[in-house]
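Colleague: As annotated by TrEMBL, domain 'FAD/NAD(P)-binding' applies to A:8-293. Annotation source TrEMBL lists domain 'NADH-rubredoxin oxidoreductase C-terminal' at A:321-387. Among the features that TrEMBL reports, domain 'BFD-like [2Fe-2S]-binding' is placed at A:424-471, A:487-536. Look at TrEMBL and you will find A:562-625 tagged as domain 'Nitrite/Sulfite reductase ferredoxin-like'. According to TrEMBL, the domain 'Nitrite/sulphite reductase 4Fe-4S' annotation covers A:635-776. Sequence annotations record features per position, and here TrEMBL assigns [4Fe-4S] cluster binding site to A:Cys644, A:Cys650, A:Cys684, A:Cys688. Feature annotation from TrEMBL assigns siroheme binding site to A:Cys688.
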Amino acid sequence: MAEQTPEKLVIIGNGMAPGRMLEELFEKAPGRYQVTIFNAEPRVNYDRIMLSPVLSGEKDYEEIIIHGDGWYIKHGITLYKGHKIIGIDRNAKTVTSDHGVTESYDKLVIATGSVPFIIPVPGKELQGVITYRDLDDVQAMLLAAQSREKAVVIGGGLLGLEAAAGLKARGMDVTVLHVMPTLMERQLDPAAGYLLQKAVEERGIKVLTKANTKRILGETRVEGIELEDGRIIPATLVVMAVGIRPNAGLAKDAGLAVNRGIVVDAGMKTSDGDIMALGECAEVDGMVYGLVAPLYEMARVAASHLAGDRKAAFVHSDTPTKLKVTGINLYSVGDFADGDGREEIVLRDATAGIYKRLVLKENRIIGSVLYGDTADGAWFNDLLKRGTDISEMRDTLIFGQAYQGGAPLDPTAAVAALQDDAEICGCNGVCKGKIVSTITSKGLTSLDEVRAHTKASASCGSCTGLVEQLMSLTLGDSYNPTAVQPVCGCTDLGHDEVRRLIKAKGLKTIPAVMQELEWKTSCGCAKCRPALNYYLVCDWPDEYADDYQSRFINERVHANIQKDGTYSVVPRMWGGVTNSQELRAIADVVDKFNVPMVKVTGGQRIDLLGIEKEDLPAVWADLGKAGFVSGQAYAKGLRTVKTCVGSEWCRFGTQDSTGLGIRIEKFMWGSWTPAKVKMAVSGCPRNCAEATCKDVGVVCVDSGYEIHFAGAAGLDIKGTEVLGLVRTEDEALEHIVALTQMYREQARYLERIYKWAKRVGLDEIRRQIMDDAEKRKAYYDRFVFSQKFAQVDPWSERVSGKDKHEFKPMATVGFNQAAE
Amino acid sequence: MTMNWIAIGDISEIPLRGARCVKTPVGKVAVFRTAENEVFAIEDHCPHKGGPLSQGIVHGNAVTCPLHNWVISLETGKALGADEGAVRTIPVKNDNGALFIALESLALAAAE
Ligand SMILES: Cc1cc2nc3c(=O)[nH]c(=O)nc-3n(C[C@H](O)[C@H](O)[C@H](O)COP(=O)(O)OP(=O)(O)OC[C@H]3O[C@@H](n4cnc5c(N)ncnc54)[C@H](O)[C@@H]3O)c2cc1C
Ligand code: SF4
Ligand code: SF4
Ligand code: FES
């Protein structure tokens, strides 16, 4: 029993480095230590690298957690969240937190990471000036971004650019200030830095190089930045991303040897034999690190020592740098400065936006910079690490691995040619052999499984492509990474493919689609038929005969089915405006048909609930006499345009929001869309019509009409994105119509605008609708054309006899017999 | 037991891949006409929460309930796929387009 008493291991800091160390330790020496962790951040260990995707909205915090609470419980770890250690007593062997908890240790590990560097300019302490290091910073940025105002990011390095891209994606107007002449100058040569700057600017982010910040302006909150050259840049948010410093103050106060970081030997031991340090706070052999790959190596070494293996030693290696901004590919590793005895090979392809540069010394690669096409990064890095003599393939080296030995230009072949110990995942140091053997021995079939078992592609994710290629190499045809979700069980094709083929092959009926695209069932199912019917209605408005048997009951009978099989009826009230005559007609219908419930809807309409199907045509006839048409409250189509009273009545109104709403509704009613479309127009930014959670919304301002889209307020809640500002009502209508048509033509059936927009990209939509007048006009014209066939009031058609069979029972039988 | 066939109308009154309902003393009967011109009749009452099956989308020899998308076999009345439940099927006769349903089974059903 006594010999089993675990030693006490205390860890300061709960970042990625100690998290990895513990994983390795629990594997090597389970149960040997009783672990206690103090973490100044009030949370578990998460993937700090992935904060940028959280900022840009591509991931949620929950998705980047490395160790959930359950993991700590499972390993019996005491985790003090939100406890900062303020003192280490090396004689007593205790640490004390700012909340007064004191814990004794046998072994202490310091893993306090880094602190962001704050440039010492006046105004640095103003509200709205933040750094970029942890989840709290991301949340502060997200909050600030809601204003959609101006942000300045100081620092054009990896972190700064990721922050800028994220803020831009959240709708802010972003300027990046960088002191040096080119971006990311420590990782990129000037040529690649220039290409990067262009790509960043193309995203609508302004970049000022050689920009020296003089002071930050503002009283209590930041209002702007003044540069040394006198320029002033207004901003309500300033993000400082100018570098990091090892967080070594605590160690220094405790009397440990500290240089730039906490000095440790190759076994991660500090100047005190019972105290180790690792992560960004540690300095080994004069070097400090800021990327996870070497930190994970430190973690491995530290775990070995804690488990009793004293031979493990940290060795330096270069880590490639990649930028995690979707759509920008860059890769750099090693040393690429010019110098004596160095040669270089450069490939430029201006049209494709590709730049590659290899720096050679004595026929060996010592550095590489790839921009635009980074597929060969891993291979070049492999040659660099091995010190391979490249004289043999010198002429074709720059074209990449696929060109060597006449191998076909197949990316999988390139991966196949890699040696077993070639590194695939830089962050986690996972080599090809490990991945392949794990896939085979564990029978893995999905990327997530490979991530879970090998850690490959589990950190920054930039090697995902390589890992997928390895999977298809190992698993053959049974692995299909790009497998699309089929429309339904009747076909293997996805929605996009079906839409494309309908156009390409000129398919104009549902049977033609099913025949040509080799449907597996004879007449489809309730999932694919409504989708196909919509696609055909949208693509061939003048030629296609709507197949009502392929529509859901609501659209077939133009009313909403309720749980008891009765229907609800919502007449159209343009823009939510009505009058005494209309209200009287509604009241009469309610009395005449004993309508059990009358209700005002969220879309500013009146809903008559509980109407028997057989009564529908008569109800519509009465409503029709008062001038009502169908409100299409049942349709995957334009439903409602909500409005506020605007400049006509409201003292704040800037434009005639009611008028515009009515105009939009009269223009667009009757159109079928992939999913329902709800709109709103507010007369000023007070936004009484709640336009900023609609599929499409307009917020009127003094200078015109701000068009919003891609909001949601149902199962998901999401504020809208701004499409752009237009000056006149005519322009507003044209832009909204064009946007809707683009959505009609591209979205998958039942995909709301916000989901479609997320898939195709907000920038792409803005580019086509705001910037490309020709495209916009073409969309607009196609919408107008299709409206010729769509704007027929379905109620009056049915009042005059269409689809009679829908509303009457076929027969009423058997009552005599039963009465006997 | 003799079948008591009751005329309910002509097949042309039901759209292809569609349904009509017939009111009877023991509830509504949904009469379906498939793409292949076959006719089936089942209770118009989904085994899930009583949705009107006659209002669903007809595909193959099945109908998808309009309320929560259960798929019901027209031949057996059983829910297909993962769902469990069944509705009563009703004998139909198609005499050159003239349709009849057998009401005994209904009356019996009501008596049970
Ligand atoms: C936005 C962003 C993007 C990045 N992208 C990449 C990338 O693409 N690739 C890459 O390799 N690396 C990237 N990095 C760097 C990488 O995240 C870090 O190198 C790594 O997380 C450092 O791990 P660590 O454990 O040393 O320190 P940290 O993860 O910083 O953990 C230190 C922890 O210690 C806590 N702490 C500090 N002092 C105390 C105290 N006195 N008491 C208790 N707790 C304390 C802190 O609150 C913190 O939680 C990125 C970093 C950021 C911020
Ligand atoms: S949104 Fe503005 S204009 Fe419209 S009602 Fe509200 S305050 Fe008035
Ligand atoms: S919120 Fe739910 S219960 Fe209420 S009307 Fe909408 S779908 Fe029905
Ligand atoms: S009532 Fe038919 S599926 Fe729910």
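Glycine too: its Cβ is placed from the backbone N, Cα and C atoms.
Bear in mind that the values here come from a model prediction, so they are computed numbers and not experimental data.
What's the neighbourhood like for each of these?
Modeller: On the 0 to 100 pLDDT scale, the domain 'NADH-rubredoxin oxidoreductase C-terminal' (A:321-387) averages 82 in the predicted structure.
With helix defined as DSSP H, G or I and strand as E or B, the domain 'Nitrite/Sulfite reductase ferredoxin-like' (A:562-625) counts 29 helix, 14 strand, 21 coil.
Helix, strand and coil content of the domain 'Nitrite/sulphite reductase 4Fe-4S' (A:635-776), in residues and according to DSSP, is 59 helix, 36 strand, 47 coil.
A:Cys688 ([4Fe-4S] cluster binding site): 18 other CB atoms within 10 A of its CB, across all protein chains.
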Colleague: Does the domain 'Nitrite/sulphite reductase 4Fe-4S' (A:635-776) make contact with the domain 'FAD/NAD(P)-binding' (A:8-293) through 3 or more Cβ pairs under 8 Å, each pair 6 or more apart in sequence?
Modeller: yes
Colleague: Please figure out which one of A:8-293, A:424-471, A:487-536, A:562-625 racks up the most CB pairs under 8 Å against the domain 'NADH-rubredoxin oxidoreductase C-terminal' (A:321-387).
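Modeller: Maximum Cβ contact count belongs to A:8-293.
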Colleague: What same-chain residues, at least 6 away in sequence, bring their CB to under 8 Å of the CB of A:Cys684 ([4Fe-4S] cluster binding site)?
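Modeller: Result: A:Gly646, A:Cys650, A:Phe652, A:Gly653, A:Thr654, A:Val699, A:Cys700, A:Val701.
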Colleague: Of these binding-site residues, A:Cys644, A:Cys650, which scores lowest on Cβ atoms within 10 Å?
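Modeller: Output over binding-site residues A:Cys644, A:Cys650: least Cβ neighbours within 10 Å is A:Cys650.
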